[in-house]
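*Asks:* Before I ask anything, here is the structure I am working with.
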Amino acid sequence: MEAVATATAAKEPDKGCIEPGPGHWGELSRTPVPSKPQDKVEAAEATPVALDSDTSGAENAAVSAMLHAVAASRLPVCSQQQGEPDLTEHEKVAILAQLYHEKPLVFLERFRTGLREEHLACFGHVRGDHRADFYCAEVARQGTARPRTLRTRLRNRRYAALRELIQGGEYFSDEQMRFRAPLLYEQYIGQYLTQEELSARTPTHQPPKPGSPGRPACPLSNLLLQSYEERELQQRLLQQQEEEEACLEEEEEEEDSDEEDQRSGKDSEAWVPDSEERLILREEFTSRMHQRFLDGKDGDFDYSTVDDNPDFDNLDIVARDEEERYFDEEEPEDAPSPELDGD
């Protein structure tokens, strides 16, 4: 009886450790897999599985850098329910570390778009498997892509973001564009506004009449906020004017201007455009603001949310054709913004 019991115990695997069969995709054969935690919280609180004792500190640092790079990307680490709070970076790294050590092939397949060529050393222990070799080769191809290809991808993403912002309406509203480029706005639009248009642009605090229901047309708090924003805008305008004057002075030192040029400059200052010409000026101003965004010159905009976001790669056929025509026919600095439909 003791011999039978001993043989039975020898056949039973240890609890919390499963020996995967060769049919388990993404798992290494003969590799014990720790029992999975019940949920994401336990995974985040659990200590990541350590590498073998003979693994060097440099390799540990490389794996840690790779995990943090994937966690910092916009790739979803795990599925979450609606309304569930976002995972912290520590939680993401813990979940990624568990998947990396338990199922490195699954990790490589799922997060290969967030990997860089220097991260491939972290998957040397699975090389030789045709799936690992395929995904590693794909990561390597991405890293050795031609500069023109990378530049085109970046422009495609910014172009897709531009279309979204145009459709949203707020980012390229007169108010927002004037705040970002006050001097450019003044040159194309502001100096030609009528007194009525200037009055309509400046809200005033109008308390409700006695006995009349309702709230004031412009609450005092909003008026104070707009007054502060206007002062900040005027400071930007003054700074941009000083920068432009400095550039003009340098150009005047290099080129001599005759009286005829000065006379033509005075005539241009006295020119007052009609309604059709004002519309053309507005379109040109908007086009330059679009190009300014594409060139990465909007200092207050976080371009990493676009340049590093693969979601903006999903352009429809019409937008892709328009983008190719836009960038192939014109130089980046001089190209006007394309006319976009409002679909």
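Backbone N, Cα and C atoms are what each Cβ position is placed from, and that goes for glycine too.
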*Asks:* From the set SER53, SER221, SER227, SER275, which residue is assigned the annotation phosphoserine by Swiss-Prot?
*Replies:* SER275
*Asks:* Quick one: which of SER212, SER337 has phosphoserine in Swiss-Prot?
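*Replies:* Checking Swiss-Prot against SER212, SER337, the phosphoserine entry points to SER337.
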*Asks:* Please classify the secondary structure at SER275 (phosphoserine) using three-state DSSP.
*Replies:* helix
